[in-house]
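Asker: Not my notes, these are from TrEMBL:
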COMPBIAS  1-10  compositional bias 'Polar residues'
DOMAIN    121-530  domain 'Major facilitator superfamily (MFS) profile'
REGION    1-35  region 'Disordered'
TRANSMEM  118-134  transmembrane segment
TRANSMEM  163-183  transmembrane segment
TRANSMEM  195-213  transmembrane segment
TRANSMEM  219-241  transmembrane segment
TRANSMEM  253-272  transmembrane segment
TRANSMEM  292-311  transmembrane segment
TRANSMEM  393-416  transmembrane segment
TRANSMEM  428-447  transmembrane segment
TRANSMEM  468-487  transmembrane segment
TRANSMEM  507-526  transmembrane segment
Amino acid sequence: MTQSQSSPTPSLEKPSYEKQEFGDGKIERRHPTINPTTENINALLVNPLIGFTHDELDVQGRDFAKRHELGHLEEEFAKGAIIAQDATAFESLPMLSVEDKNTLQMEITHKWRQPKDLYFLVIACSMAAAVQGMDQTVLNGANLFFPQQFGIPQDTSDTRNQWLLGVVNAAPYICCALIGCWLTVPLNNAFGRRGTIFITALISFLTCFWQGFTNSWPHLFAARFVLGFGIGPKSSTVPVYAAECAPAAIRGALVMMWQTWTAFGIMLGYAADLAFFKVPDPHNIKGLNWRLMLGSAGIPAIFVCVQVFFCPESPRWLMSKGRYPDAFRSLRRLRGHDLLAARDLFCESDVLNKSMSSRCLADIHTLLEAESEINRSRNLLKEMITIGRNRRAAIGSFIVMFMQQLCGVNIIAYYSSTIFQESGFGQVQSLLSSFGFGCGFAFFIPGEQARVAPGEGPVPFTYSAEAFPLYIRAIGMSFATATTWFFNAVVSLTFPAILKAFTPQGAFGWYAGWNIIGFFLILLFLPETKALSLEELDQVFSVPTKKHAMYQLKALSINLRRWIFRSKVSPPEPLYNFEGLEKTYAPAAGGH
């Protein structure tokens, strides 16, 4: 498989322009016009600001500031509009002061030197991910105790008990897939990113507390099912929130932290299992140890509830509500400088206000606006399926989320204690071994020499957060997270029965087979998104699926001969016509 990829269209033509009056000065400005029959509309819009003069951009910036109650920052928006046309040409702009140029240069050379508010937001998002991970694994240790107490012991030949244990483990993920994830859009619309994170973290805390007071397996199932209302919308919202707030240069790394800190939460869950393992029962409480294990997952959620109110709201969400001054203040906290905040707000703004039926790109300030100019219906779920570019993004997200579960790695998160016991470990040894977890044929290796593998890591959530166009991203992430939680539920539900029937070696052989299938799914149907700007992503996902699959098969053959058999063959021709060109990036506030 190759990451070299290129042109869905025969050529990337320069867009034509039409004139329109603008502002009080009656300055005419040019706007690119779109041929709606073109195979890839957005591929024509490499930079929608090409064709505007600096004077025209100056007027646009000033007009934008006046229209949105930011007239006191008129000068900054004028400069920001000009900078947005070419982020690399700021050194030659005479209207910029030395301080302005130093600020822009620092953004490039010291990309990790960011305001403290941004890093506080990162910490809050990381803690939310840790809550997610801990929610998943505290049940791992509890699995050693509550089945016996609730009358569903696992050391019998009754397969019903294995299925009931699977149902209890899968309960929150069933809720996520069927209901929880699909509440993401209405919750975000009503309460914003911060409000949604607060509500879902509060639900996580209350349901973790509830689990500790259950007295039967149906009662525990009910508590865990409600936990899904905390897990689903949070897993959809936090990556998008991080992407919308982070600067472009470090956006991918911050979005990837979701999975990194989820893994950290998984480790905390195992630590809680070990910490409470030998807690004795008082005379009036049976199973205090596993009850404390389940309740402990609520502790990080309380920290998230407090942290999130000190974080700035997503600028994109504020603009969607018409709150431009608030959006500027939020961006000012996240960027640390008026000029950077003005540039990003200008770049992001009008995409949220365009007429959906207009083919003219009047009032366009960034590439982001081009997406809203395509004639589209209001049924976003339908568009995700019927529009080719969106459908291919959905297929790619489905594949990575599907394989995140079918690779088998999360089986260790939920059942490692049981699996290690089946392989001859003691209970404490099993929990200790669970600190480093994964899947594979490790169970053919006797005793403590067993090793584990990492799975897909942070790729699925990062990929899904990048793949969808901005206007459909919320529902796209809902679909992606619903997919991962649905198959998480399937895996959690079926594994106890598979383990009983196949033994550990056979069970992991089953998932090894799915990894082989996953290799070919990823090879044929998963376009690369790494380090691509929004216009390049549009181009990538506009390539027909058959064309992409045929190219990848050809590239696989060439690369096998080139790198494995050491034949002297030329590398495959690029599939996308931006290959080899300098990358341009979407406005930082938009996120991708």
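Backbone N, Cα and C atoms are what each Cβ position is placed from, and that goes for glycine too.
It should be emphasised that the depicted structure is a prediction, and the values quoted were computed from it without experimental measurement.
Describe the structural context of these features.
Answerer: On the 0 to 100 pLDDT scale, the domain 'Major facilitator superfamily (MFS) profile' (121-530) averages 82 in this prediction.
Beyond its flanks by at least six residues, the transmembrane segment (118-134) meets 197, 201, 204, 231, 234-235, 238, 241-242, 245-247, 254, 257-269, 272, 296-297, 300-301, 303-304, 307-308, 310-312, 333-334 of its own chain at Cβ-Cβ distances under 8 Å.
Sequence-distant contacts of the transmembrane segment (163-183), counting only residues of its own chain at least 6 positions beyond either end whose CB sits under 8 Å from a CB of the stretch, comprise 135, 139, 143, 147, 152, 154, 217, 220-222, 224-233, 235-236, 414-415, 478-479, 481-483, 485-486, 488-490, 492-497.
Non-local neighbours of the transmembrane segment (195-213) in the same chain are 124, 128, 131, 135, 138, 184, 187-188, 220, 223-224, 226-227, 229-234, 237-238, 241, 291-292, 294-298, 301-302, 304-305, 308-309; each lies 6+ residues outside the stretch with a CB under 8 Å from one of its CB atoms.
Beyond its flanks by at least six residues, the transmembrane segment (292-311) meets 117, 120-121, 123-124, 127-128, 130-131, 134-135, 138-139, 141-142, 194, 197-198, 201-202, 204-209, 211-212, 230, 265, 268-269, 272-273, 275-276, 279 of its own chain at Cβ-Cβ distances under 8 Å.
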Asker: Counting only residues 6 or more past its boundaries, what in the same chain has a CB within less than 8 Å of a CB in the transmembrane segment (468-487)?
Answerer: 173-174, 176-178, 180-182, 184-185, 188, 228, 231-232, 235-236, 239-240, 316, 351, 368, 371-372, 376, 380-381, 383-384, 389-390, 393-394, 397-398, 401-402, 404-406, 460-461, 534, 538, 590-592
